[in-house]
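K.L.:
Here you go, one structure.
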Ligand SMILES: Nc1ncnc2c1ncn2[C@@H]1O[C@H](COP(=O)(O)OP(=O)(O)OP(=O)(O)O)[C@@H](O)[C@H]1O
């Protein structure tokens, strides 16, 4: 496993001033110690094109003060100038760089002063990264790749590398880069496959460069190689100085890969199929090798032996790049392209060291509004800006963590594919340097200023450079059984296969590569982690149980409370309904009593005779009786010894005709007697009638009481039913709505009962009326000569008085 140097460690901190708008910062790039230094940030200023000059783009926006300081003057109309006019910000900004390359500087000069030191690192077994950053059309691709006549950094690094390994090249293709820092032995079949893939790529490049079609491709290759050959003298002088001696048995194999990150997807630019089916490209995964190093899984690595082959691959890959025209640059590249070289040092058939050199041509850092991008281009711009934004965040976080030792802010390397792959360089496993490309155009001033500010932050990032060659840091690979997966510097395929098959159980989502390469101590670490994991799980389980118990108790409590509340509500409802029923019952009972009383009173009213009148009448009758007996006595005395006169009643019954005849003879006292007798009979009958009426009323009252009793019984029955229903509803814990429904039903029943009661009352009324009718008939029958008995009685009384 490669050593990870802690950037936050005390001995690795290099305090640098934090100032975005550096006015007079003159930083020296001489490393303060062998192991750490600030990131090297170079500035390259592109010359104006003819079109730009004719468009009046030259407004002295960029003024190079000296080899390390540049001043930016905001042109009229730029957002920066407008802001400064409003008092926000400044119109003049100064920045310092490791070195500034003006428009007149050549590609060779740039290479000499910037890349060469990193190239030596690479040749000596260390990792290196160079990335170009800037707005679109600023000269990034020109700097990295260059033109056939002016080759950029990449062809020069390749050229220098081939010069370095000249005569020491490893011809066999059977050792190949694997994962991020490893190597893998290939069997003859795999070697065959490698050769055929390489041949297929070269064949397609050959077709493109068909001389019959007079393509510029062949010229491109030829002129590039020729240009570099002419400059070889410079390179070879320096390279040969460090060339491995002929006596050394070391051999070198150079493998290259070319890929791009487009819309956050990684595409292999050396896939032969890409040429014909650009839309069906398969994206590759960025995985972790288990030691914290990200790598592109299934990326195609091609073993190359000379500069010509390298150019062919570069040309092939460039064809596959997602190039689309934007308003600012007709051939603007919309993706981050990364060309990676891996140099394997093989000694006596074993890999002694692997080093990596990546050159990254970032996509333009322009903002959407400036480039007038739409649709797919807008999405591209978003993704480009996003990955660059995250790169900026990472660099800022790194700088902040290093500046403030107390701080340890999160560095979002994993938030973009680009930063995932760059992470290893920022974490001490190689040296990264940045070339900032700018143009001097007034129209892109604001974007250029943004780039400069970003670079000012990047320049303060401290890098820890490993002083040991990479072989000493190379991963120690062991399998599950503890046996090393790497033998003599190369990976044992069989052991690795079995290891991978077990490790593939890892979560795929996490992008964790199953091919973890543990060191010998890693097994112990895993055991420790397992123990920790178990303890953690146990703790979690206990916590979960506690939480569940708490939740259960709370829920139970809640249930009980709601149950109690519902019971209380039901009780209240029951009571209220019972009260209502009782009230209703009392009301109807009163109504019936009232009705019965009223009926009785109505009946009595018609036949009512005040007591004093009745007594007076009785006395009159008595007086009349006495008079009758007196008269009878007088009559018997008058007849002189004649048999006694029969009683009036008897006489009236037995001697009607005789009485009628005698009427003429007897005096007026007889007539009065008869009349009184009749009246007496009438009164007696009336008394009997009243007696009967009283009896019938009593009977009716009895009947009504019976009916009331029945109603009460019915009500009690219904109440009992209601209680049963309510109990049922309690038992079944029905919802309140159901209960209300039931109560509604009960209401209906009560209503029907009420209706029944009303009906019964009506019936009793009818019966009473019928009775009254019957009484009237009887009365009429008694007082047949007269029409109204009451009045007759009174008239009679009056007559008696007279
Ligand atoms: N130093 C230079 N000298 C001469 N010409 C240059 C220089 N730098 C860039 N150019 C020219 O400027 C143009 C734009 O450059 P280039 O394509 O490299 O820009 P870029 O930043 O890579 O753009 P993009 O981000 O869109 O890919 C090209 O025609 C290139 O040849």
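Don't overthink the numbers, they just go from 1 along the chain as shown.
A Cβ is built for glycine as well, from the same backbone N, Cα and C atoms used for every other residue.
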K.L.:
Would you mind telling me which of 708-735, 736-763 TrEMBL tags as coiled coil?
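P.N.:
TrEMBL lists coiled coil for residues 736-763.
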K.L.:
Using a 10 angstroms cut-off on Cβ to Cβ distances, just flag whichever of 134, 139 is the loneliest among these binding-site residues.
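P.N.:
It is 139 that, of the binding-site residues 134, 139, has the fewest other Cβ atoms within 10 Å.
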K.L.:
Restricting to the domain 'Kinesin motor' (38-461), what is the model's mean pLDDT?
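P.N.:
Mean pLDDT, the domain 'Kinesin motor' (38-461): 80.
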K.L.:
Under 6 Å from ligand 1 by Cβ, which binding-site residues from 135, 139, 140, 141?
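P.N.:
From 135, 139, 140, 141, counting a Cβ under 6 Å from ligand 1 as near, the near ones are 139, 140, 141.
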K.L.:
Under a three-state reduction of DSSP output, how is residue 141 (ATP binding site) classified: helix, strand, or coil?
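P.N.:
SS state of residue 141 (ATP binding site) = helix.
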K.L.:
Three states by DSSP: which one describes residue 136 (ATP binding site)?
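P.N.:
It is coil.
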